[in-house]
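K.L.:
I'd like to ask you about the structure that follows.
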Amino acid sequence: MAACGKTNKSHVIFKKVSRDKSVTIYLGKRDYVDHVSQVEPVDGVVLVDPELVKGKKVYVTLTCAFRYGQEDIDVMGLTFRRDLYFSRVQVYPPVGAMSVLTQLQESLLKKLGDNTYPFLLTFPDYLPCSVMLQPAPQDVGKSCGVDFEVKAFASDITDPEEDKIPKKSSVRLLIRKVQHAPPEMGPQPSAEASWQFFMSDKPLNLSVSLSKEIYFHGEPIPVTVTVTNNTDKVVKKIKVSVEQIANVVLYSSDYYVKPVASEETQEKVQPNSTLTKTLVLVPLLANNRERRGIALDGKIKHEDTNLASSTIIKEGIDRTVMGILVSYHIKVKLTVSGFLGELTSSEVATEVPFRLMHPQPEDPAKESVQDENLVFEEFARQNLKDTGENTEGKKDEDAGQDE
């Protein structure tokens, strides 16, 4: 008789093997959440082949780097990369007292057996999140942005330089540092504006409101617009846009303001009348893939990502080391008839800020990591909701490890 009961959820483990098979790194996830007050540490294990390592030491490093764009900028005498953070731990042979193992590490040590060594890498609170500026379709090379890399390698040099690490004995993994929506929302965003036109005794009033402060990626954003036209002019068009503001603060304080979604109505507001209209926008990367300079959440290789999430900065942190700061606002623009009626026009606009983020993930403390439910997957990005596309990753049940 088949056993009854609740089936435990499989826990995907991401692994990568060096070319010479001497070291294999295992991570329980690829996205590490910045809770503002603290950041989830990178916990994992390294499987070492003592025969292939042959007395070398095995290290694991965590690097945060800001890339300025295409690498050919180096010919101008400038560096195209700046390391914002670097840390390294020796995992083999073990040094010092072993720290308390996480539940994930306990399960991996039990499953993988001897020659498996745990490591724990932490993020300081001043680092930016993973973000990049989307290149144009014809651009080649690495994109401008912030990325994080975990690397495991074997070396017989105590303090090896990057170019002296044997590539065949090293393995690199890109991970992401991400932020999710805070548990509590701020006040409901709204804005009011008035304009006085020449030869009009009374103003044109505009009121804009959103239903909440934070919207999740892929969620429709209803924007309620009320136009009170006390002038003798005609409001010919109402256009509502979601604009993304990417502030590259690390090297030049450049601002990139890009509309990522828009809707408009041609319904006119005649003199001495009022119109209330709700327009719904859905900002998606799927509708902006060809546009250079759009900020995206950092991605790994050529897999899916989404529009960059709004940046939350911990109080007291220096903004200039945050790489790229991302924010959003709703812009409402009115086209108003001019002196010659329909033949000419002028435009007025106002803005309402909001946040675009991912929801809080399930509490990891509620998930139990059981060694019999571990599923090993070659390191590759998973699909995200924002893109409007669906791709499947390749999973490897790794039957050979079940013994």
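Our numbering is plain: 1 for the first residue shown, then up by one each step along the chain.
Including glycine, each Cβ sits where the backbone N, Cα and C put it.
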K.L.:
In Swiss-Prot, one of 11-19, 20-28, 209-217, 227-235 is tagged region 'Interaction with RHO'. Which stretch would that be?
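P.N.:
Checked against Swiss-Prot: region 'Interaction with RHO' maps to 11-19.
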K.L.:
Just give the helix, strand and coil counts over the region 'Interaction with RHO' (11-19), going by DSSP.
P.N.:
0 helix, 7 strand, 2 coil
K.L.:
Take the Cβ of THR231 (phosphothreonine) and count every other Cβ within 10 Å, whichever protein chain it belongs to.
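P.N.:
Summing over all protein chains shown, THR231 (phosphothreonine) has 22 other Cβ atoms within 10 Å.
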